[in-house]
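What follows is a set of notes on a single structure, which appears directly below.
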Amino acid sequence: MNQELLSVGSKRRRTGGSLRGNASSSQVDEGQMNRVVEEDPQQQARHQEEEHTARNGELVGANPRPGDQNDTQQGQVEENNNRFISVDEDSSGNQEEQEEDEEHAGEQEEEEEEEEEEEEMDQESDDFDPSDDSSREDEHTHNSNVTNCSSVSDLPAHQLSSPFYTKTTKMKRKLDHGSEVRSFSLGKKPCKVSDYTSTTGLVPCSATPTTFGDLRAANGQGQQRRRITSVQPPTGLQEWLKMFQSWSGPEKLLALDELIDSCEPTQVKHMMQVIEPQFQRDFISLLPKELALYVLSFLEPKDLLQAAQTCRYWRILAEDNLLWREKCKEEGIDEPLHIKRRKIIKPGFIHSPWKSAYIRQHRIDTNWRRGELKSPKVLKGHDDHVITCLQFCGNRIVSGSDDNTLKVWSAVTGKCLRTLVGHTGGVWSSQMRDNIIISGSTDRTLKVWNAETGECIHTLYGHTSTVRCMHLHEKRVVSGSRDATLRVWDIETGQCLHVLMGHVAAVRCVQYDGRRVVSGAYDFMVKVWDPETETCLHTLQGHTNRVYSLQFDGIHVVSGSLDTSIRVWDVETGNCIHTLTGHQSLTSGMELKDNILVSGNADSTVKIWDIKTGQCLQTLQGPSKHQSAVTCLQFNKNFVITSSDDGTVKLWDLKTGEFIRNLVTLESGGSGGVVWRIRASNTKLVCAVGSRNGTEETKLLVLDFDVDMK
């Protein structure tokens, strides 16, 4: 019986077979252990003879040498006590070898599939900043040292084979237990006692599950650690175990030190097989899928990609479409990305459109930051006139000029699709939604255009001076004029629905959210209107000079003035909440999103504010700041884009305020070249450039930062 066990054990060693299936990568083979722990020559010869005999299909130990008979019997008991295999005495060695060959063939196929999957994951991981990898490795090393669970196999191969290491291995440092004998903390669980009375080959531990493997078994996801019970336990084992349990913690450690010193390599290997899985607990696999996904949702996307390379089950979780939809929602990504795959996806690994959308957006952001600046598309038009207004929606660009025309351009091809002719004065304001374009002119009219055909649908009469500003909301547009009035129009019928009168000077800026109208004028006033009743709800007084810019989010009104200040108002009460100071000149442009305000000033600086607290978060300045007045700006959750009279367009980091790089630098910058307007989408930047002295040709520049997802 013992001889058959040893024969099967030798075959298991030779093929690497184990019923545990997924063995820890830190387990070592017996060849490595033989190099690490020195053995006497007789013992080495005996192991070599056993392996040679096993290869020829003979029973090991049938004819032991007389001098080694006792050692052989003792080795048989140890071999059986240190194996995780269950022996069926009726099965033959050839049958087991055939089964294991099939098992290894299947494992080889799985490894090939995993290599292909890992290549794809590596490509995705490359898209993210790897700067945190070193810190994660340091953390892993630190944790390994704290738990004392590292093994010999974790060492590099050259270190294992080093003569110095081999000679010094057996001089293992013992635990310094000290003079005091103190027990472990109450949280330490006692060792489990095996049930040796069972007649079966292997039985599960009868104690309450306390390890990861036990928990898996309790949940029906795996088997508990099985113990070898096919051999009668040695006399006095139970008494020794009871005595061991009665010792204090340090005394147990001392006993374990001595026990390890007396073990052979195969016994040390067995201990590692038992101990190491306890420090590699995959708690994610224990949880229901919903809870596992909830836990993974707290990871950063780059960490999710790393987690996906842990194992197949983790990759299935990390590819979950709903998980990536939440990540996209956090980044403001509204649509999933459906791409054609070049290869067939293996069963069980479903492509995530939301994950693809997230990775695409990350690549686009990287292009904005440090991608190669390719030559922009140049859209020439309007001769040498000034481009006074600029709109960009989808793949369509609309530019208005003081040459009395508007032009519609393709952002993809750069071609002028049509020229909108009809105004008899310069165009100074415009709005666009879908296929509708609305323009305001010095000829005192507004016109509604069909962007597809270039047809003028309506001409809106009523103002008695230049239409200087407008704001479109759904089917209505509100216009402000130098005649000091505001008018509300229905763009479908062309009718003037309401006239708002109250300002005593030209209206310079207007905002409309569909319920209330907010206007700023040269009379230093900001007014809040109910357009349906044509009544002024609040007159916001405080500025000491002309109001040039406005922002309105439905709760707060933000006004910028020539008096250098910016004021934040409560739209319901009309009270001034904050006065933002710091700029030195006219605030010519502002943008407000989610309580974050970015303001551009004629003093060449840009500031980022929190309107809830009134605090200035960042001032975009320094050696790379603009050298002249800021003409236009736009921002998203990552970047701020600014243009200036100095002929440059600059990119800044919204959170840190750091300068990233110049996106546009005109050769005539500083000598007359000006960037008048900018408009940006997620992937494109449109700049209206020219000059006031003829040094720069009037044109549009289109820069593309999109990526190709194959």
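Each residue, glycine too, has its Cβ placed from N, Cα and C.
Database features, via Swiss-Prot:
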type     : residues : note
REGION   : 1-158    : region 'Disordered'
COMPBIAS : 46-55    : compositional bias 'Basic and acidic residues'
COMPBIAS : 87-132   : compositional bias 'Acidic residues'
COMPBIAS : 133-142  : compositional bias 'Basic and acidic residues'
MOD_RES  : Thr208   : phosphothreonine
DOMAIN   : 281-327  : domain 'F-box'
REPEAT   : 381-421  : repeat 'WD 1'
REPEAT   : 423-459  : repeat 'WD 2'
REPEAT   : 462-501  : repeat 'WD 3'
REPEAT   : 503-539  : repeat 'WD 4'
REPEAT   : 542-581  : repeat 'WD 5'
REPEAT   : 583-621  : repeat 'WD 6'
REPEAT   : 625-662  : repeat 'WD 7'
Beyond the flanks of the repeat 'WD 7' (625-662) by 6 or more, those residues with Cβ under 8 Å of it: 331-332, 365, 368-370, 585, 588-591, 593, 596, 598, 600-606, 608, 617-619, 668-670, 673-680, 682, 685, 687, 689, 696
For the domain 'F-box' (281-327), residues assigned helix / strand / coil by DSSP: 33 helix, 0 strand, 14 coil
Long-range Cβ neighbours of the repeat 'WD 5' (542-581) (under 8 Å; 6 or more residues past either end): 505, 508-511, 513, 515-516, 518-522, 524-526, 528, 587-592, 595, 597, 599, 601, 607, 609, 611, 613-614, 616
Tertiary contacts of the repeat 'WD 3' (462-501), as residues 6+ beyond its ends and Cβ separation under 8 Å: 425, 428-433, 436, 438, 440-442, 444-446, 448, 507-514, 517, 519, 521, 523, 529, 531-532, 534, 536
Integer average pLDDT (0 to 100) for the repeat 'WD 2' (423-459): 97
Residue distribution over DSSP helix, strand and coil in the repeat 'WD 6' (583-621): 0 helix, 24 strand, 15 coil
